[in-house]
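Peer 1: Pasting a structure below so you can have a look.
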């Protein structure tokens, strides 16, 4: 069994064969899924490297536990204690290499319509050579001339790409909310229990959102300070209430019969999350107390002195952040989700079946399996045509690379950025997250009113 598996992996690394696991008892995997998983693996590998580069804790641990650390840095000409391989400038250079890698493949795979051509073969295989190319791109960033000028220009390129990635992410969320309601509403036509599921989930989502708002009023407002927090909490809460009423208004339901409260519940919960994230990223405020002196107000409890919790919260927050990035990069390129980048159409497929995990349903039909000797079976689902846009897939990962770069280096507060201080306050991060909440609400309101404004374009 070992020899056939090695041959299969060699064909994957050095040829156009799809990658698969060596264990034959593993579930079948589609070629399109295998390819996207491998690119996601590349992406996460570089992302973890960037996190390590921004962590003084990891740098100190390596210095203490690797006996030849100083000698290795000297051999690599990386400066004293590898100073050129850590910090925000190193992250900029590594992410520049990853962005160049995905941008090249985005251009290389333009208008690829089937998997039989040589460009599709390169996209779906030759993983060893692509891994070497990725390493070369990331290393090449350290040899660019005019480093200071490069970092200055690349910072603004990264900010523009990061903003565009945020917009795509928000459009995906709006499309996800519509698809969820559409899928479960279709189930109610043959099983009324789906109505109960809709009502229960809607109630839970609104309850969590309201609870989150109460929590923020408790911890992020103060009678004598934090007036900006009060304004934004009131504005976002009011906007969420307005879009919820708008979603069930007769004028909207005339053009979108499936519009209900589930979509605004999803949007409201996400807006409350963005609001919380923005307020948590805001610089701390202090007021003068007659008894205690200057005290910190409008912060989460762990920021008031319980520093032992900071690393835990930062670690969990970072993990959630990168999971969301990875989900956005992978899901945005499927045929179903690519509709999110267009104006939403309220058309119900005739064969729509309600599913609890509807978002993971493949766009492809059943295909014949191709046996992989000694390993996992692969379904070559792209023989008749591609099931996702190769070019757009790489473009989203290109934008994701820029978003990771800006997030890990704390956007425009990069000089003293550390991964352990990812959740500490800065005005740039605050305004980015607060603006994201408004953009999300705008996108959802637009999908509600545009069929009413342009009815001729949305007729079945």
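Note: Cβ is positioned from N, Cα and C throughout, glycine not excepted.
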Peer 1: Return whether the side of the membrane given for residue 118 in Swiss-Prot is the same as that given for residue 429.
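Peer 2: Result: no, residue 118 and residue 429 do not share a side in Swiss-Prot.
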Peer 1: Under Swiss-Prot, the annotation transmembrane segment belongs to which of these stretches: 291-311, 312-332, 333-353?
Peer 2: 312-332
Peer 1: Name the residue range among 62-82, 125-145 that Swiss-Prot annotates as transmembrane segment.
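Peer 2: That would be 125-145, per the transmembrane segment entry in Swiss-Prot.
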Peer 1: Kindly point out the range from 198-218, 366-386 that Swiss-Prot annotates with transmembrane segment.
Peer 2: 198-218
Peer 1: Which stretch from 125-145, 198-218, 434-454 shares the most C-beta pairs under 8 Å with the transmembrane segment (90-110)?
Peer 2: 125-145
Peer 1: Between 0 and 100, where does the mean pLDDT of the topological domain 'Extracellular' (111-124) sit?
Peer 2: 83
Peer 1: Sorry to bug you, but what's the C-alpha spacing from residue 183 (N-linked glycosylation site) to residue 114 (N-linked glycosylation site), rounded to the closest Å?
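Peer 2: Distance (Cα to Cα, whole Å): 29 Å.
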Peer 1: Check the glycosylation sites 114, 183 for other C-beta atoms within 10 angstroms of each C-beta and report the one with the most.
Peer 2: 183
Peer 1: Looking at the transmembrane segment (157-177) and the transmembrane segment (392-412), are there 3+ C-beta pairs under 8 A, with each pair at least 6 apart in sequence?
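Peer 2: Yes, the transmembrane segment (157-177) contacts the transmembrane segment (392-412).
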